[in-house]
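Visitor: One structure follows; several queries about it will come next.
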Amino acid sequence: MVDAAVLDKLEAGFKKLEASDSKSLLKKYLTRDVFDRLKNLKTPTFGSTLLDVIQSGLENHDSGVGIYAPDAEAYSVFADLFDPIIEDYHGGFKKTDVHPAKDWGDVDSFGNLDPAGEFIISTRVRCGRSMEGYPFNPCLTEAQYKEMEEKVSSTLSGLSGELKGTYYPLTGMTKEVQQKLIDDHFLFKEGDRFLQAANACRFWPSGRGIYHNDNKTFLVWCNEEDHLRLISMQMGGDLGQIYRRLVTAVNEIEKRVPFSHDDRLGFLTFCPTNLGTTVRASVHIKVPKLAANKAKLEEVAARYNLQVRGTRGEHTEAEGGVYDISNKRRMGLTEFQAVKEMNDGIAEIIKIEKEL
C-alpha cells in the first residue's frame, strides 16, 4: 500500500495543479478519474509511486510535460497517464503503436546543410541510453551511481581513433578543469529545478562525469538526466560527418554495455519525451529575416515536426537572432528518419531565408 503521507501529498498537489493555469501535459491528462486509478499503485521492483512520477510537474506548474519515469516499470504501471502524454508529445504515437526496430539507415546520405557557412553556426546530434539492470535517477543508490560510472569510464577508455579521449569525473574535479568544460559549453550543471523536483540529483556529484574526445567533437555525459547522453557535434553544418561519428560511437559502446530497450517504446529513458530513438538532431542557426517573421518560422518548423527553441535551449530567448532548431518526434520512426526530418526542415528554412 502507498503510505498515508504520500497520499496526502498527492491529493494536495493534485488540487493545486487543478486550480492552476498550468499548460503542462500532466495537467491536461491527469483527470480526477486517472488520478484515483493510479494513486494507490506502486512499481513491483522499486516501489515507485504516482508521486515519484508527477512530483516535478506538481512543483513546477510551468513545466511543458511534468512527468518522469522513476524506473522502467513505471511506463506500464502508470500507463494510463504516460500513454496519452506520449501520444500527444510524439505526434500521435498511440498506445497500440509499436516503435520500429533501431535503424541508422544509410549513414552516407547526409551531407553539409550549409557549405558556404552563411547560416548554420553549429550542429549536433545526440541520443540517450539507459544501462540495463539499473533503475532511473530517483531509485539509484550512491553505490549504483559509482558502479555505473566505473563501467562507463572503463568502456569509454577503450574507444580509439577519432573517439579516443578523456573521462573527467565530477567528484574531485578541479576548478580549472570545471571552468574549462563550462567555457566549452560541455559541462552540465547541478540544480535544474525540474530534475531536482523529480529527485534526480541525489548524491551529487557521485557517479557523474563527462567524457570528450581529443577534438572535442564527441561527448558523453554520465548520469546527468539519463544514464548516458552521447553527443556528436561541431561548428558548421556538416550533418553527415556528425551523424556518422555518433553512429560509430553508439555501435562501439553498445558492444560493451547492454542498454535498456522495450519492445513497444524503444530505448527507455527517464523523461518520456526522449523515448524511442532518443535522438535529437539540432542546429544553431541564424535566420534574421525569418526571425523577424516568427509566425512563418514556426509554420515551416511545424510542417517538418521541428521544435524551435532559444539559443540556450528550452525556456530561453533567441540571442542575436540565433535559434536552436531540432526534430521533435522521437517515437514511431527510425533514427535515420528522425534526423532526416531535421535535415529536410533546415534545408527548407535556409531556402526560404535566401528568398526573403
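Cβ atoms are placed via backbone N, Cα and C, with glycine included.
As listed in TrEMBL for this protein:
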DOMAIN    8-91  domain 'Phosphagen kinase N-terminal'
DOMAIN    119-356  domain 'Phosphagen kinase C-terminal'
BINDING   122-126, His185, Arg229, 280-284, 309-314  ATP binding site
Visitor: Mean pLDDT, the domain 'Phosphagen kinase N-terminal' (8-91)?
Guide: 96
Visitor: Using Cβ-Cβ distances, find the residues under 8 Å from Ser282 (ATP binding site) that belong to the same chain and are at least 6 apart in sequence, listing them in sequence order.
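Guide: Result: Thr123, Arg124, Val125, Asp324, Ile325, Ser326, Asn327, Met342.
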Visitor: Here are some binding-site residues: Arg229, Arg309. Which one has the most Cβ atoms within 10 Å of its Cβ?
Guide: Arg229
Visitor: When secondary structure is assigned with DSSP, how many helix, strand and coil residues does the domain 'Phosphagen kinase N-terminal' (8-91) contain?
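Guide: Summed over the domain 'Phosphagen kinase N-terminal' (8-91), the classes give 49 helix, 2 strand, 33 coil.
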Visitor: Provide the number of Cβ atoms within 10 Å of the Cβ of Ser122 (ATP binding site), excluding the reference atom itself.
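Guide: Other Cβ atoms found within 10 Å: 17.
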